[in-house]
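Asks: Below you'll find the structure I mean.
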Amino acid sequence: MSLKFEARREIPRWLVYGTPLLAIALTILSGYLLFMILGLNPGSTLYIFLVSPLETQFGLAELAVKGGPLILIATGLAIGFRANVWNIGAEGQLTMGAIFGAGVALAFWGDEGVWILPLMFVAGALGGMLWAAIPAFLKTKFEVSEILTSLMLTYVAALVLSILVHGPWRDPDGFNFPQSRLFTEAAILPVILEGTRLHVGALVALFAAAAAWVLLTYTVTGFQIKVVGQAPMAARFAGFSQKGTVWFSLLLAGALAGIAGMVEVAGPIGQLTPQLTPGYGFTAIIVAFLGRLNPIGIVLAGIVMAISYIGGENAQVYAQLPQAATGVFQGMLLFYLLASDFLVRYRIRIQSAKPRREVATA
Amino acid sequence: MTDFLVLITVSIVIAATPMLFAAVGELVAERSGVLNLGVEGMMLIGAVVGFGVTMSTGSAILGIGSAALAGAALALVFAVLVLTLMANQVATGLALTIFGIGLSALIGAGFVGMPIAGLPKLDIPVLSTLPIIGPLLFQYDAMVYLSIALTVAVGWFLKYTHAGMVLRAVGESAESAHSIGHPVIGVRYLATMFGGAMAGLGGAFLSLSVTPMWAENMTSGRGWIALALVVFGSWRPGRVLLGAYIFGGVTILQLHAQGSGSTVGLPSQVFTMLPYLATIAVLTIISAGPWRGRFQAPACLGQSFRPSV
Amino acid sequence: MTNDAAGAPPRLELRRITKRFPGVVANDGVSFSVQPGEIHALLGENGAGKSTLVKIIYGVLHADEGEVLWNGQAVTLANPHAARRIGVGMVFQHFSLFDGMSVLENIALGLEGKSDMRKLNDRIIEVSKAYGLPLDPRREIHTLSVGERQRVEIVRCLLQDPKLLIMDEPTSVLTPQEVERLFGTLRQLSAEGCSILYISHKLQEIKDLCHHATILRGGKVVGECDPATESTRGMAQMMIGAELKTLARRGARPRTATRFNVDNLSLATDQPFGINLKSIGFEVAAGEIFGIAGVAGNGQNELMRALSGELTVAQPSSIRLDGKPVGNLGVEPRRALGLCCVPEERNGHAAVPDMSLASNALISARNRMKLAVGGWIKHDATREFAERIIQEFGVKARGPESAARSLSGGNLQKYIVGREILQTPEVLVIAQPTWGVDAGAAAAIHQALFNLAQNGAGIVVVSQDLDELLTLCDRLAVLNVGSLSRAIDTADASMEEIGLLMGGLHGMSAEVPAVHGSAQNVA
C-alpha cells in the first residue's frame, strides 16, 4: 500500500473555495497548540482572539475599519499576482499615498471645502502610483525584478515619512513629538455609524472590490491580465502587451494602496505619524491569497484578517500575548493555504498492491 | 588617519558578514533552482535563537549552532511546501518571511533590552599584534573567518566536486537531471536547508556580534539585500563576497556620515536610505548593462518540478 | 518468439509489461525480446506507448505489472543508475542535456560515479573519433547544433560500454545526410555485438536499418515482422490499425493572385541562443499551400513570430498581405486584415492550458468573431463559438467549459486549428500542424487545410516532417540557419534534393572528419 499523487485534469470549484476554510481550521488548531506551549489557557485565548471582536457593535465597526484598507490593497495586489507581477511593496505605496493625502490636508489646513477630501483621494492615489511606477519602469525598461525593487522602496518610503514628521511637517504645537498637526474637519473622512470609527473608507473598499470583479470577469483587460500571468507566450500570440500589463497592474495596485494609506490618515489616525499601520501592506498579500485572488473572496479574507488584528490587540490586553503572535498566525495561515493548494491540484490515492483496472477516457 | 581607515575597514567587514552568510547560502539554493524569498525571516529566527541560546547557556558555540539549525528548520518548512507540495516559490517565500518576523518577535519578546557579552575576538598570537595588518586582518571573531571560509568552500564545491556539478545540473535542467537519474528533489532539499542554515548563521552574527542584543525586526531588510547580492554576484560566490563588502561599505559610510555630523545639512534618514537605494541601483545596472547576457540566472530558477510518476 | 540459433538467452526480454497513467493505460501486457547485436525496431504512432516502454527499460518509470529479463535473469530497474549499471544506455528524444554546461560536464553527469575529468576528456575524444562522432569536450551545449547535441548523448552512452542502446526517435531532428551518418554508427555498434532498440514511426528508416520490428498500437503489441521483407504499407496498416487512406495529391493548379508576400525579411533574434533571419523571401498564391521545411532550431520560431506579428520589423513592405504592407503591424492588426496563425507549441502558446476552451477562443478570435466589443466580453457568443469549433472539427471535449489541458494533444490541436479556420482567414500560417497528433486527427487537420486552400486562402505550413510537407504542399522551401532556400515544386522534388537544401552549411561544416568514412566501412 502506498500513497500516490495524481494531477487532476479538471479542478472542482468547491475545492478551490473550500481549501481556504481548511487552512483557517488548521491555523486555529495550531493556535490552540501554540497557546498551550506558551502556557496560556488555549480555549479562552482563542475566544479572545476569534470571537471577542464580533461581540460588540464597536468591534464589528472596527472590522470594517481594519478590513477596509486590507481589502483595498489586496484587490490591487491580486490583480498584479494574476498577471505574475509580484509587487510586495504595497506598504511603501500605502505610505506614499498617506504622505500625498496628508500633504493636501496640511496644505489646506483650516480651510473648509468639500473639494478637500476628493482632492486627498486623488493625491493619495497619485502618491501610491508614483511609488509603484518606479518598479514598473525598471521592470519594463531593464527587466529588473519588481520583487526586490518594490520592497526596497518600502524602506525608502518609511524614511521619507520619518523625515517629514521629524522635520518640515512636525506639529509646531506638538511638544516635539514626531507627528503632524491633526487634520481639520474638512480633511477627515465622515463617520457613517455614530459612536464608532466606521468611516466611508470601508465603502470605498467594497466599491473597489466590486469594480475589480467586473474588470476580471467581463472585460478584455481582465482577460489580458489572466493570460499574461498564466501563459506569457499565449499573451503575445493574443496580441496582449506584456509591458502594458505590468504598468497597468502596478499602477492600479499603487493607486489602491495609496488610497488605503490616505484613508488611514484621514480616517482613524487623523494626522501623519511615523508608524501608520501594523503592516497592512504585507498582510494584504495574505489576504489576496486567502481570497484566492478573487475580489469577492478578498472581501471575506479581509474580514478574517481584520479579526486576527483586533483579536491580537484584545489578546495583548487580556491575555498578555505579544502582538507578534498575530504575525505568526498570519504566516501560518498562508503556509496552510499554500499547502492546501496541493489538494486542489492533485488527487491523493491510496494504492493497494494490486491496482484496479482503469478505463481509458482520453 | 591610518587608524581611522583601519577602523572603517574593520567595521565594513563586520557589517558585510551577516549579508555574506545569507547571500552565499541563498546562492547555493538558487543554483539548485530554488528561489527562497524567506531569507529575511530565516535570518531573524537565526538571530533570536542564537541570542536566546547563547544567553541562557552562556555558550556562543551552542548559540551559533542552534541558529544554523533553526534557519535550516525554517527552510525545511519552505522546502516541504515548494518541493513536495509544489507551492509557488515566491508566495511561499513571502509567507516564510512574514512567519519568521512574527515568530522571532514572539520568541524574543523576553529578550528585548537584555545585555550579552558578544563574541570574543580571536586575537591570533603574533599576527594580531602586527601594526595595521593585525587589526585589519587578524582581530575579528571566529564567525568572520567562518563566513569567508564557507564562501571559498562553496565556490570550490560548486566548481570542482562531482556533487557540486550535480547541484548545478539540477538547477540548469531538472527534467534532464531527473531523466539521467539524479535525485532532483533530494538535491534541492539539501541546498535549500543549507541556505536556511547560512541565513541562520547570518542572523546569529547580527545579534551576537554586530549589535550584541535582540530587537524585533533587527535585520531591517538585510535578508532582502542578500537576495539582491546573489543577483549582483551573478550566482558566483567570489562576486557575492565582493558585493557584500561593497554593501557593507555603503552601510558603514552612511553610519559614519550620520555619526560624525557631516550630513551636509541633509536629514540623517537620507543616509539610512542609501543601502536600499544602492540595491535598486545595482540591480538596475546589472540588468541594463551591455554585460547582461553574462549574468545568467540558473535556467530552472523558481520553477516547480515534479517527476512524472 | 526467441528462436535464437545459439540457444543463448536474449539480451533483453519483456514479459507482460503494464503501465497505467490516470485515465490511460500506456502499456498493456507488452512482451518482446531483443537479441545480442540485433537492431530491433519499436514501431508505433505518437501515443502508442513507445516512450513509456523505453522509460521503463531505462528505469525512469516503473511498470505496474510484468517482468524485465536481462540475459535471461529477472532484474529490477529502480532508476537509471541501475539500468546503466547492467549496460543499458539511452539517447532521449528530448535531449537530457544542460545548456549552460560543457560537453565534458554533461557527459560526466551521465556516467556512473565520479570521473577523473582529465581522463574523461581524453576518452571522449577517443570514442567520438572511433565512431565518427566528432566533439569538442570544452564547448558549452548551447553553442552546438541539434545534430551535435545528439552526438553528446550518444557518446555519453558509448562511454558506458553499453550492451543495449535505446534510441528514441533519433532522426526527427536530423538532416537526411546526418541520418545516414548516424546509421553508420549504429551498424558499427551492432556489428560489435551491442543491441539497439530503435524507436520510430518512420517506416523507411526501419526498413533500411532494423533486423526485427515490434509494432505497438494503443499500448499493446499488435504485430512483429522482419522489416526487410515486410512492405512499408503493411507495417503502416499494423501501426495505424486501419486500411490506409490515400490522400489524393492535388493536381498542380494555375498560379493566380498572390495573397501573401514576404520579401527580404531580416530580423535579429531577441532570444539568448536564437537565430537571426536573413533576407527571407517567398510568396503564396490564392489556393496555394506553401511549405517551409528544415531541421528544428534553424529560425523556425523567429520566422513564425515574425509572420504572426509577435515580432515586428521596421520595413512594412517586407511582409505584404493582399498587397498591403503589414511588417510593422502587431498581431491583432494583422489578424484584423485576415492573417491567422497556429504556433507550434499548443500548451502555453496557442492555448492557455488552465483556461476553458471558451476562454481560449477569446485568445485569437475575440475581434474577428466579435466575441468582445468595446473591451467587454460577450460570454454567450464566446461559448457559442467554442461550441461551433467543437462540433465542426469533431473535438472530443465535455464542452466549452472544459479546461484546455483536459484534452488530448490531438483534440486540442483540432480545436486550435478549428479556431483559426472558422475565422475564415485570408492567409493561414501554421507550424507543425500534426506534431504529436494521432493519425485520425492528423487526417482531419490535413483535410481542413485542403478545404481552406480550396476556398481561396493562402496557406504557409512550417514543419520538420518532410512526408507531411510533401503530402500537403504545392511548393516548398527549406529554412537553414535563418536563410530560406529557393522554392521547389513538390511534384518533382526528390528527397535527395530537399536533403541537400536542408544540409546547407548546417551539420555539414568543415568538421566532417575523415574518420566518418571508416565508420561507414565497418558497417
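Glycine too: its Cβ is placed from the backbone N, Cα and C atoms.
So TrEMBL lists these for the protein:
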type	residues	note
TRANSMEM	B:6-29	transmembrane segment
TRANSMEM	B:41-62	transmembrane segment
TRANSMEM	B:68-87	transmembrane segment
TRANSMEM	B:94-117	transmembrane segment
TRANSMEM	B:137-158	transmembrane segment
TRANSMEM	B:189-208	transmembrane segment
TRANSMEM	B:214-233	transmembrane segment
TRANSMEM	B:240-257	transmembrane segment
TRANSMEM	B:269-288	transmembrane segment
Asks: Quick one: do the transmembrane segment (B:94-117) and the transmembrane segment (B:214-233) reach 3+ CB pairs under 8 Å, ignoring pairs fewer than 6 apart in sequence?
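Replies: Touching, yes - the transmembrane segment (B:94-117) and the transmembrane segment (B:214-233) meet the threshold of 3 or more Cβ pairs under 8 Å.
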Asks: With a cut-off of 8 Å between Cβ atoms, can you find at least three pairs linking the transmembrane segment (B:240-257) to the transmembrane segment (B:41-62)? Only pairs 6 or more residues apart in sequence count.
Replies: no
Asks: What residues in the same chain, six or more past the boundaries of the transmembrane segment (B:68-87), come closer than 8 Å to it by Cβ-Cβ distance?
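Replies: Cβ under 8 Å, 6 or more out: 29, 34, 36, 38, 41-43, 45-46, 49, 93, 96, 99-100, 185, 188-189, 192-201, 203-204, 304, 306.
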Asks: Taking the transmembrane segment (B:137-158) as reference, which of B:6-29, B:41-62, B:214-233 has the most Cβ pairs under 8 angstroms?
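Replies: Maximum Cβ contact count belongs to B:6-29.
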Asks: Give residue numbers and ranges for long-range contacts of the transmembrane segment (B:6-29): same chain, 6 or more residues beyond its ends, CB-CB under 8 A.
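Replies: Sequence-remote neighbours of the transmembrane segment (B:6-29) are 35-36, 39, 42-43, 75, 132, 135-136, 139-140, 143-144, 147-148, 150-151, 154, 158, 167, 188, 191-192, 194-199, 201-203, 205-206, 209-210, 219, 222-223, 225-227, 229-230, 233, 235-237, 240-241, 243-245, 247-249, 251-252, 256.
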